[in-house]
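Asks: Here's a structure for you.
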């Protein structure tokens with residue numbers, strides 16, 4: 001993967017006089033090598049976690065393309081300096097090899113000792129490719145990330161996952177987690193080489209087969225969602241030349257302004273008020289009128305009922321965009337769901353985790369005025385018109401939360417499957433109603449073109465079955481050729497519960513609404529407490545039934 005990326009990077013430098021062509025080559029090489037088809041957004045691809053290095057290494061080429069295309073055509077192209085600093089990467093021979101006896105045991109962690117012992121069993125074991133996670137602390141910021149990737153390439157490794165976050169350690173700017181597939185001997189050499197680089201504070205190895213799967217980290221309280229805000233870098237106006245706002249400097253600045261507001265948000269804060277511009281309200285009005293025109297005939301009855309309720313409470317009005325806080329208050333009263341602002345497209349794991357707490361992470365920015373009826377990424381019009389009405393329906397809210405709970409502690413493969421189920425239900429789901437097919441998916445209810453396509457006889461309609469739905473490939477650049485039709489929300493929930501019970505996660509979780517905490521049911525004491533609570537609920541239900549059966553005096 002990385003050799004292809006470096007090849008594309010070299011091509012981008014060579015084609016300095018044609019930055020748009022260079023940028024396209026760079027995007028295609030990197031995106032397709034990592035399972036991200038160019039110009040596409042999908043929750044399945046998000047589950048594989050697109051690497052932040054894309055944004056860092058291609059930013060200069062993008063700036064050149066934007067400058068030449070729109071802003072200052074007379075400005076000369078410049079070779080990106082950070083792309084020419086190959087001499088800063090640790091110098092290593094292409095075929096360099098070090099025997100296990102030459103590796104000093106002093107200072108090795110437990111994981112490294114286990115890895116070294118496994119490699120020393122035989123020449124075959126030494127060359128066996130394993131998957132491991134390496135945590136690197138960057139002193140000098142994200143500019144050092146290229147050195148790590150170059151080192152991985154030199155030792156013939158493949159990057160399969162990369163994420164970063166601001167570090168809490170003094171003297172360190174970022175913590176980077178990078179998963180690699182690499183021969184055992186090369187992996188040990190990689191660790192030693194990285195530790196010799198002054199730009200890195202420390203380097204740690206976590207071999208995947210030695211990490212406990214009994215208790216993987218996931219948010220256990222709603223406040224910990226402050227740590228679940230990792231963004232994808234796909235289809236942003238700053239990065240993708242096909243984005244409607246790529247050449248609009250004012251729009252890009254507005255997006256950054258609203259994103260910073262979301263980044264600053266913490267659990268317990270009131271949702272910041274956004275003073276939407278006349279252009280943004282005009283975009284909302286155009287989409288609102290179109291959705292209202294079509295929903296009575298094509299949307300499910302639950303959506304129509306809540307939509308009208310939102311109009312009655314003056315939250316949905318055509319003249320202005322609703323504020324997330326007023327929408328959050330409405331949801332809390334109806335189903336206990338609340339909102340928190342998101343800066344952009346979240347990774348699938350982070351987004352699904354928030355649903356477990358009955359929290360929906362919603363964007364606050366608005367799609368570009370030049371493309372009011374379609375957006376390549378989630379925006380607040382999609383969230384408000386597509387998702388919010390059904391999150392106020394008790395049955396649908398319960399289904400959404402159960403998807404979120406199933407994602408906590410799930411493997412990457414299971415996250416992909418859950419993401420796909422989410423895609424074909426919450427985003428593009430259909431259901432039967434009085435022998436007619438109606439839409440309940442947010443992607444359909446906020447994009448009228450695909451809505452009309454979905455309810456027509458052009459695509460294939462399949463009965464909703466989570467096991468087959470979870471592995472159905474899809475793409476989001478064009479209309480779907482296949483849609484899944486649920487008999488009802490209740491039927492879909494029951495099928496989903498049975499399917500989730502077959503997942504490999506070695507524990508069960510439940511959400512405690514009183515403490516806003518997810519509890520792992522891993523002890524007799526916790527189960528006793530739960531049984532006691534259920535017995536109390538059953539007693540209340542029994543008493544209520546008995547009283548209803550009594551004749552009126």
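Backbone N, Cα and C define each Cβ position, glycine as well.
Note that TrEMBL annotation is computational and uncurated.
Just lifted these from TrEMBL, have a look:
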DOMAIN    203-549  domain 'Biopterin-dependent aromatic amino acid hydroxylase family profile'
BINDING   382, 387, 427  Fe cation binding site
Asks: For residue 382 (Fe cation binding site), what is the tally of other C-beta atoms lying within 10 angstroms of its C-beta?
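Replies: For residue 382 (Fe cation binding site), the 10 Å Cβ neighbour count is 22.
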Asks: With every protein chain in view, what's the tally of Cβ atoms within 10 Å of the Cβ of residue 427 (Fe cation binding site), excluding that atom itself?
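Replies: For residue 427 (Fe cation binding site), the 10 Å Cβ neighbour count is 23.
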Asks: Sort out the sequence-distant neighbours of residue 387 (Fe cation binding site) for me: same chain, 6+ apart, CB within less than 8 Å of its CB, listed by position.
Replies: 360, 362, 426, 442
Asks: Determine which residues of the same chain, besides 382, 387, 427, have their CB within 8 A of the center of the CB atoms at the recorded Fe cation site, and list them by sequence.
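Replies: Same chain, not in 382, 387, 427, Cβ within 8 Å: 378, 383, 386, 426, 441, 442, 443, 445, 446.
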